[in-house]
Amino acid sequence: MTTEGPPIRRLADWDAATLRDLADGHGTPLYVLDQRRVRENVANLRAAFHEESISYAVKANTVRATLETIAETGIGAECASAGELQRAVDAGFDRLRYTAVNPPAGDLDHVVDLAADPPRDLDLVITVGAADAFEALAERGYDGPLAIRVNPGVGAGHHAKVTTGDAPKFGVPYDRVSELASEIVSRGFDLVGLHAHAGSGIHEASDLAAHRELVSRMGELARELDHDLDFLNVGGGLGIPYRPTDEPLDLDSVAAATREAVGELDARLGIEPGRYVVADAGVLLTTVNTVKPTPETTVVGVDAGMTTLLRPAMYDAYHEIRTLAPDADERESVTATVAGPICETADVLGRGRELPGPERGDVLTIGNAGAYGYEMASNYNSRPRPAVVSLDGGESRLAVERETLSELTRLEIEQ
Ligand code: LLP
């Protein structure tokens, strides 16, 4: 069992010499994932949410090396697609939750086949977010355990684009859940749980309050159901401090508030954090290509952009940026806009950043890039996706190779 660690690993805590060596050895842009920190995050979650069952939301980072580390800790995996489920099985997870969001037929075929013919003993539960999805599973002959994803009517999150609890797309409307539950049970299926997810990046007091409201509604609903449940899963969404001035969540008090909000319940409480497990275990290294003074700001052009780390362009997300230049202390600070190589105005990783006199060839490090970083990388502008290195103690290993230019056209068929 890994020991707990500090509540957050700040960008300044990363060893600059190690990161410089990795950038030298593997080139940039390069994601670095520290497996020790991943283990500490899992241990921290376990210490706070001790009797609850914890699943890792695989979507935050599906790099095999990371999945294997998390699987070894013994927590479960929450998967949103057949691909995520397969990766989780391959990495060694035994407790799997497939949360089907508008599932394509091919996904359901794959999941039902996996349930019918698992490679080893698996504890797999399929969570349906619509009556239709239940019917589609029944038609395929699925007869395993089911849970219902509820739309609790209350959401939270760091951005409207990731606030799910009140978005009609997700889950069965709160007041239709009993009806679907009765239908599922009367047709002989094993209804084992209820599920809801408020959204992602719950950190502000108002989001924490909304989350408590969701938990309390879910507790009420579970008590109202005329059916015993094994678990009530109240989703993921635990936020982390992206800005150096942000404070980390107090996990103990979040856990206590969650338990209090759920009320008396004869079912296990479940949570499924993604970001919290991997965000501060990862950094992105990038090299400065151009430094351009302009009347407004100094534009620092780097080799990572929105195709490497989409979060700033997509959600105006803040990621701390520091230089790894060894002589940084001797340089005069400038206010910079750190921009990528993509032909879109949105391709900016940070604005108004104080950087010690950036120079061509400097390596910069971008913090909290372990969650939804590599995972959301794309090939837009025909940019190959970056490489990923896995760090464990003093050892580093290449975990994902850098894509090459010729691989960009790998799937194309000559006409
Ligand atoms: N459970 C469900 C059903 C989810 O939809 C999600 C995230 C999670 C758990 C895990 O949430 P977390 O603990 O990681 O906040 N790309 C966005 C985040 C999208 C999250 C989608 N669902 C970002 O970079 O902020």
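The backbone N, Cα and C atoms fix where each Cβ goes, glycine too.
TrEMBL labels come from automatic prediction, so no person has curated them.
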Site-mate of Arg311, Tyr315, Glu344, Tyr372 for substrate in TrEMBL, selected among Arg275, Arg402, Arg410: Arg275
Candidate from Gly219, Gly237, Gly340 that TrEMBL assigns to the same pyridoxal 5'-phosphate site as Glu272, Pro273, Gly274, Arg275, Tyr372: Gly237
Intrachain C-beta neighbours of Glu344 (substrate binding site), sequence separation six or more, cut-off 8 angstroms: Met306, Ala313
Proximal but sequence-remote residues of the same chain as Arg275 (pyridoxal 5'-phosphate binding site) (Cβ under 8 Å, at least 6 apart): Ala57, Ala60, Ser200, Gly201, Gly236, Gly237, Leu238, Gly239, Ile240, Ala371, Tyr372
Between Lys59 (N6-(pyridoxal phosphate)lysine) and Tyr315 (substrate binding site): CA-CA distance (Å): 17
Integer average pLDDT (0 to 100) for the domain 'Orn/DAP/Arg decarboxylase 2 N-terminal' (37-279): 97
Contacting recorded positions for ligand 1, chosen from Pro273, Cys343, Glu344 when the Cβ sits under 6 angstroms of any of its atoms: Pro273
Cβ-based isolation winner (fewest other Cβ atoms within 10 Å) among the binding-site residues Pro273, Arg311, Tyr315: Tyr315
Tyr372 (pyridoxal 5'-phosphate binding site), number of other Cβ atoms within 10 Å: 25
